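**Student:** I have a structure I would like to understand better, so I am pasting it below and will then ask my questions one at a time.
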Amino acid sequence: MTHLKGFDLLALGFMTFALFLGAGNIIFPPSAGMAAGEHVWSAAFGFLLTGVGLPLLTVVALARVGGGIGRLTQPIGRRAGVAFAIAVYLAIGPLFATPRTAVVSFEMGVAPFTGDGGVPLLIYTVAYFSVVLFLVLNPGRLVDRVGKVITPVLLSALLVLGGAAIFAPAGEIGSSSGEYQSAPLVQGFLQGYLTMDTLGALVFGIVIATAIRDRGISDSRLVTRYSMIAGVIAATGLSLVYLALFYLGATSQGIAGDAQNGVQILTAYVQQTFGVSGSLLLAVVITLACLTTAVGLITACGEFFSDLLPVSYKTVVIVFSLFSLLVANQGLTQLISLSVPVLVGLYPLAIVLIALSLFDRLWVSAPRVFVPVMIVALLFGIVDGLGAAKLNGWVPDVFAKLPLADQSLGWLLPVSIALVLAVVCDRLLGKPREAVA
């Protein structure tokens, strides 16, 4: 096959959409929509800029270099690049995100029917990771199995939920609260940033590229083109889901005004609108959303570590699936306390890496720009990580006084200054001298 047919390309886009749509993507927008109230659309637009825009730019950046994070990190050197990639894959994979998909889907989709006991959780997670392992053992079939089978079911459930939210709202749009009253666009922008979907996009790039190549596409330009199209399809789907869920939250103050999170808002809405069957609908949405995300994460880790280490893809995915199963049943709380600071610390590095890569044609010497700017991002990533670990006493007060520091964006101004200085030096120094043989 030299080109993807329209249906195959759509299935690729559906697969990409399903990889990104985790439980958190469904849970958060309703709570943000409820807080935004009459400013719901301004907040939703700000949320889309970062919650959808940043992951889409990441997919584009990865597509331009062939799908692998290793190519993106070349300007900072092999050792630093490999260290960064390992940290991202482990933190977003078996140490945190993958086990969490199983626990969240159990607590939201199954526990209401079975209870929260250890035995139901064990039975569920064994079945859950068995399905995950079945799907990931043959990554070349992901488009067929996820894009053509699982995602249409997920989309159908989302259409029912989203359609009901729009055409059968629980009430009128409520009033805004908190910071959404004065700056809804900015608040939505910041909350979209805090979803950290950019880290997921970094690891999913290789899954998308591999799925395309496994369809017989060998032309690198076509791989890039199809990856970008898949990213656009996924971004469109995510945007529609987010908008519907924002509206659901904004119109649910009458039935869930005291809700503490999106789970309670969604539960209140589906039970009022659909009755007992609403809980089943929500269970299907959450379980399939978590399942497809877990499949993407395990597949990405398998592709990366089998290429990095002298072990087979099959061995990696089996080991990571078993490890995730164990963590989901007994070690999640402790690993979350360790992994969340790592994720927060890696996020500035990931965003800076993507931004510099997208504008790589502007740099005379990429390493002269990448290295100093990434070092500054690393410094402030460590600061944010310490803050997430509740170790603020280790951080000098000056960091807390930076603009947007309370929103985990204290790194933005220093990194911008470092970028300007690096670009000026890059232009002044000119082209690097070529080595003489």
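Heads up, the Cβ atoms here are built off N, Cα and C, so glycines get one too.
Copied straight from Swiss-Prot:
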TRANSMEM  9-29  transmembrane segment
TRANSMEM  43-63  transmembrane segment
TRANSMEM  80-100  transmembrane segment
TRANSMEM  117-137  transmembrane segment
TRANSMEM  149-169  transmembrane segment
TRANSMEM  192-212  transmembrane segment
TRANSMEM  228-248  transmembrane segment
TRANSMEM  280-300  transmembrane segment
TRANSMEM  308-328  transmembrane segment
TRANSMEM  335-355  transmembrane segment
TRANSMEM  369-389  transmembrane segment
TRANSMEM  404-424  transmembrane segment
**Student:** Report, as numbers and ranges, which residues of the same chain sit near the transmembrane segment (228-248): CB under 8 Å and 6 or more residues beyond its ends.
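**Tutor:** Same-chain residues near the transmembrane segment (228-248) but 6 or more away: 9-10, 12-17, 19-21, 25-26, 29-30, 32-33, 36, 40-41, 43-44, 47-48, 51-53, 55-56, 59-60, 63, 155, 158, 161-163, 165-166, 169-170, 173, 208, 262, 265-266, 269.
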**Student:** Give residue numbers and ranges for long-range contacts of the transmembrane segment (117-137): same chain, 6 or more residues beyond its ends, CB-CB under 8 A.
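**Tutor:** Distant Cβ neighbours of the transmembrane segment (117-137) are 102-103, 105-106, 110-111, 145-146, 291, 294-295, 298-299, 302, 314, 317-318, 321-322, 324-325, 328-329.
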**Student:** List, by number or range, the same-chain residues at least 6 past the transmembrane segment (308-328) whose CB is under 8 A from its CB atoms?
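**Tutor:** That would be 82, 86, 93-95, 98-100, 102-103, 121, 125-126, 129, 132-133, 136-137, 139, 294, 298-299, 301-302, 335.
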**Student:** Counting CB pairs under 8 Å, which listed stretch among 43-63, 80-100, 192-212, 280-300, 404-424 touches the transmembrane segment (9-29) the most?
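**Tutor:** Comparing 43-63, 80-100, 192-212, 280-300, 404-424 against the transmembrane segment (9-29), the winner is 280-300.
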**Student:** Can you tell me which parts of the same chain pack against the transmembrane segment (80-100), counting only residues 6+ beyond its ends and a CB-CB cutoff under 8 A?
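**Tutor:** Result: 22, 69-70, 72-74, 199-200, 202-203, 293-294, 297-298, 300-301, 304-305, 308, 320, 323-325, 327-328, 332, 335-336, 338-340, 342-343, 346, 349-350, 353, 374.
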**Student:** Taking the transmembrane segment (280-300) as the reference, which of 43-63, 149-169, 192-212, 335-355 gives the largest number of Cβ pairs under 8 angstroms?
**Tutor:** 149-169
